[in-house]
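Novice: A single structure is presented below for examination.
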Ligand code: 6PG
């Protein structure tokens, strides 16, 4: 019997996805560049599942029912192109390749075009949820042609995470829409992670709380409106002890944050499309700054921080909780706005509410807040702020955020994402920004022209008669 589907790339995500699909009753052929990994996978992890290993591409492709459906779980970048090149001589028009990696959306755009010209169907599919999600139910964000999606919809719906609002998978939109949406998911992920880290920083260095105390607070927060996967793992992380030293695990981990690029890509896309995503941008920047450990260590000796130990009062903790909620909201606001703009600009046809729905389960940014966001999102209100109830909800948090920002300034603690959430909101709600002065400066030194508030048209004046004009 031929396999229903094939999967290439047996790193942990690929292994888990293959097992997940097989456990839903499908026969899966698998192939990996190095045979040893395939052998180990079959030996160590496959039990009753119908998983058929293959050790050369040709026999792998031949083992699949037609039209063939092949999921790639290989590293983003060149490995995806290399794998597609190896597959192509063995495929026929109508066959389908699904790239389940974190590919850049422009690569997906190119591959979609190249493969379409050859009659090969292609889906760029965001897969979120890490190893656990891949095995027990990820959030799936497939984009490409609807025809391609229809070929695998049944399988994808079965393997995706489930919530009361259905499986966490939908046809996201045309061409590279799936990878674009996954990229923004990761941008939001960066911003929320950094906001949580800033709150932790204040708890640790201003309130001098122990890891156990912080863990209990996050655990309590996770029962309320902040309930989310990232808050949940934070309280679990904070209570974990290092077996070697007995210290909290977080205290023995070096403070240098790595990144594989999806957060940076989100900021780059946002800058290109002209959509403000300051929380995401600053989360990326802060990871970059964290990397300069040596410089930070030297400079910290030249500049002594003024820290006044504060008691962790009920009010202060409430303010911290509210600030984190506010920052989380702004991260979604910026991300959804970016998706809406990309959908318009690139003709993706994304349904914003559906994107939020498939983020309710399985993915890294799943959060109770998403239900609230879904009530208010629309193409016109993609940034989610244009609603009286939302405004009231956020107004209730502003004083808290101001208190926390004040405390961070008094204690000289960097809180770039909390701060940028505040400034993003304050800029968007300011009718008269000082951009008139910027326009005047541009016109002064470069005759770049300006518009007037009192009549239509484009203007330029001589700012210093006889000198510059
Ligand atoms: C997910 C994650 C996943 C990966 C991140 C990590 O949705 O399951 O986002 O894709 O863990 O890309 O990204 P960084 O290495 O850039 O932090």
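Note: Cβ is positioned from N, Cα and C throughout, glycine not excepted.
In TrEMBL, annotation is done automatically, which means it is predicted and not curated.
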Novice: Quick one: which of 48, 102, 150, 186 does TrEMBL put in the NADP(+) site with 9, 10, 11, 12, 13, 14, 32, 33, 34, 74, 75, 76?
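Specialist: Matched candidate out of 48, 102, 150, 186, per TrEMBL for NADP(+) with 9, 10, 11, 12, 13, 14, 32, 33, 34, 74, 75, 76: 102.
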Novice: Out of 146, 204, 239, 287, which does TrEMBL tie to the same substrate site as 102, 128, 129, 130, 185, 186, 190, 260, 442, 448?
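Specialist: Site partner of 102, 128, 129, 130, 185, 186, 190, 260, 442, 448 for substrate, according to TrEMBL: 287.
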Novice: Taking only the binding-site residues 34, 102, 190, which have a CB closer than 6 angstroms to any atom that belongs to ligand 1?
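Specialist: Cβ under 6 Å from ligand 1: 102.
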Novice: Can you count the other CB atoms that lie within 10 A of the CB of residue 9 (NADP(+) binding site)?
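Specialist: Neighbour count, Cβ to Cβ under the 10 Å cut-off: 24.
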Novice: Give the mean pLDDT for the domain '6-phosphogluconate dehydrogenase C-terminal' (178-464) on the 0 to 100 scale.
Specialist: 97
Novice: Under 8 Å between C-beta atoms and at least six apart in sequence, can you list the same-chain neighbours of residue 129 (substrate binding site), or say none if there are none?
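Specialist: 137, 138, 139, 161, 362, 363, 364 - these are the non-local Cβ neighbours of residue 129 (substrate binding site), listed in sequence order.
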Novice: When a 10 Å sphere is centred on the Cβ of residue 32 (NADP(+) binding site), how many other Cβ atoms does it contain?
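Specialist: Its Cβ has 24 other Cβ atoms within 10 Å.
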Novice: Express in Å, rounded to the nearest integer, the largest CA to CA distance found among the NADP(+)-binding residues 9, 10, 11, 12, 13, 14, 32, 33, 34, 74, 75, 76, 102 named in the record.
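Specialist: If we measure all Cα pairs in 9, 10, 11, 12, 13, 14, 32, 33, 34, 74, 75, 76, 102, the largest is 21 Å.
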